[in-house]
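Following: one structure in structure tokens, then a few remarks.
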Amino acid sequence: MAGALENATKEIKRLSLEDTHESQYGQIYSVSGPVVVAENMIGCAMYELVKVGHDNLVGEVIRINGDKATIQVYEETAGVTVGDPVLRTGKPLSVELGPGLMETIYDGIQRPLKAIKDESQSIYIPRGIDVPALSRTTQYDFTPGKLKVGDHITGGDIFGSIYENSLLDDHKILLPPRARGTITSIAESGSYNVEDTVLEVEFDGKKHKYSMMHTWPVRVPRPVAEKLSADYPLLTGQRVLDSLFPCVQGGTTCIPGAFGCGKTVISQSLSKFSNSDVIIYVGCGERGNEMAEVLMEFPELYTEISGRKEPIMKRTTLVANTSNMPVAAREASIYTGITLAEYFRDQGKNVSMIADSSSRWAEALREISGRLGEMPADQGFPAYLGAKLASFYERAGKATALGSPDRIGSVSIVAAVSPAGGDFSDPVTTATLGITQVFWGLDKKLAQRKHFPSINTSVSYSKYTNVLNKYYDSNYPEFAQLRDKIREILSNAEELEQVVQLVGKSALSDSDKITLDVATLIKEDFLQQNGYSSYDAFCPIWKTFDMMRAFISYYDEAQKAVANGAQWSKLAESTSDVKHSVSSAKFFEPSRGQKEGEKEFSELLSTISERFAEASE
């Protein structure tokens, strides 16, 4: 009798719980690949996070029509049937922001892949697995800031810091942007995990507790106090980019190119060598072996910070959404990456976000749009492709962060674009070019000639050159003039090459022959770089500047000698050793230091002028 009574009580509790939660559940009405339609969803909001089916697959509401909601599911929907439950969570798709982001690899919706592997013992992500993005067991040494009990605090204020790793030794703990109040208690120095309460704030008579982490919806840009104009270069270590087509910290860059042109290599060299504090690398729909390459190479690569070598993985977060992962999650991966970048910008860091490749993201938009039955535009892409791209790129920039103390950070976006067949009139490329300020166009013919980086200097451009002239004038006088001269030589040589193909080189004047010879020298020894060598994998800006001076000095001296009546064929023969010295300038090891480099290059400049003076006598 007692057993029957107990069972009846349990059943009543279960039924009352079901009644309570019934309003939070809908039912699946139809399934079409990653797009699921659910009914009985009155009260749900756009972009609300839902759990689909008995496996609790993660999905997001993207359209509401009456009591029906259309959901894009971020996991494989095989086995989901009509009538399965859909649980509404009442919150948007958000990411966790706090200590532990560095050195971690996530999927498109910020699930930590290593933690999932350890938990599931599988190389694939089990459906419906729910692992927190930030480790709940790792302890961090929290140091409170200058704020104390009784002080007023607003969104973005720094109330403490932790040591995350030797490259990020001052990870600032921020109050979420929408929070404010008066501090009622703050934790003392000590070890805490990301869920432990370290701050208690009272506002309007209510007390709120805050830990070292907070969540933020990925589709909402994090607020800033003020947007600033960017004026400091994003140095890549690639001579052709730093000299001719520079980008700024807080700028937007597009790298379109056909398959095998070296987009991923440029993206990876940016991650390895750029002057950014934090790198967010988003592999969006690219091949899995490219992400595996990053994972294997990065821990072995070192950067020198204040005299000590550190693995660059310590400043990197990877968001891997490879081509065999669900299509819908590609869209989320771009937003996840930019939200992580904005979080570090709010700490006063200069962040580079590399998206490889935004074409795969656009393809995911096209597939979802097609399944929704929306009107297709150019090449089947949705009509809102340009607006989606613009809203993403507009989240880049240099800004003053919210809260105190004052800090300035930046987010630079470098996005690779893979147009089919290398056709730059592709809708994704044209939409991207209308938004981004720097265009590094890759050339298939250069790549086939093994000329890397395969940047086509005649189609590439940067709208930041004038903005950066102030920086160059104060640090490297003559830089702008040298850059313009190199561009002029290259464009003149292109016209002369067409003449040579028609009438031969002998028909050219000596002055034109010099232009052609120096252009070849610039292409082979300045624009080209060997990424597998110690001397050329990374070229500091001072070495780039000194090499520019050497090439232009050689060109000017040759032109001066010919103008004074010397014959170029004889002059070239008698000064061949100087030409060899100029072309060998790239072999100088940057590790020997700037002082030694400048000394060696100034000796080279004086040798050039002396040898030409002797030869023309």
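In case you wondered, yes, glycine gets a Cβ from its N, Cα and C as well.
So that you can see what the record holds, here are the features copied from Swiss-Prot:
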| type | residues | note |
| --- | --- | --- |
| BINDING | Gly257, Ala258, Phe259, Gly260, Cys261, Gly262, Lys263, Thr264 | ATP binding site |
| SITE | Ser460 | site 'Required for activity' |
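The most crowded of the recorded positions listed here (Thr264, Ser460) is Thr264, judged by how many other CB atoms sit within 10 Å of its own CB.
Long-range Cβ neighbours of Ala258 (ATP binding site) (same chain, at least 6 residues apart, Cβ-Cβ under 8 Å): Ser418, Pro419, Gly421, Gly422, Leu442, Lys444. Other than Gly257, Ala258, Phe259, Gly260, Cys261, Gly262, Lys263, Thr264, the residues of this chain whose Cβ falls within 8 Å of the Cβ centroid of the ATP site are, in sequence order, Ser418, Leu442, Lys444, Ala447, Ser454. The CA atom of Phe259 (ATP binding site) is located 18 Å away from the CA atom of Ser460 (site 'Required for activity'). Proximity to Ser460 (site 'Required for activity'), judged by a C-alpha distance within 10 Å, picks out none of the binding-site residues Gly260, Cys261, Lys263, Thr264.
Neighbour counts of Cβ atoms within 10 Å were taken for the binding-site residues Gly257, Gly260, Gly262; the minimum is at Gly260. Around the Cβ of Lys263 (ATP binding site), the same chain contributes Ile255, Pro256, Gly257, Asp356, Ser357, Ala416, Ser418, Leu442, each under 8 angstroms and 6 or more positions distant in sequence. When Cβ neighbours within 10 Å are tallied across all protein chains shown, the highest count among the binding-site residues Phe259, Cys261 belongs to Cys261.
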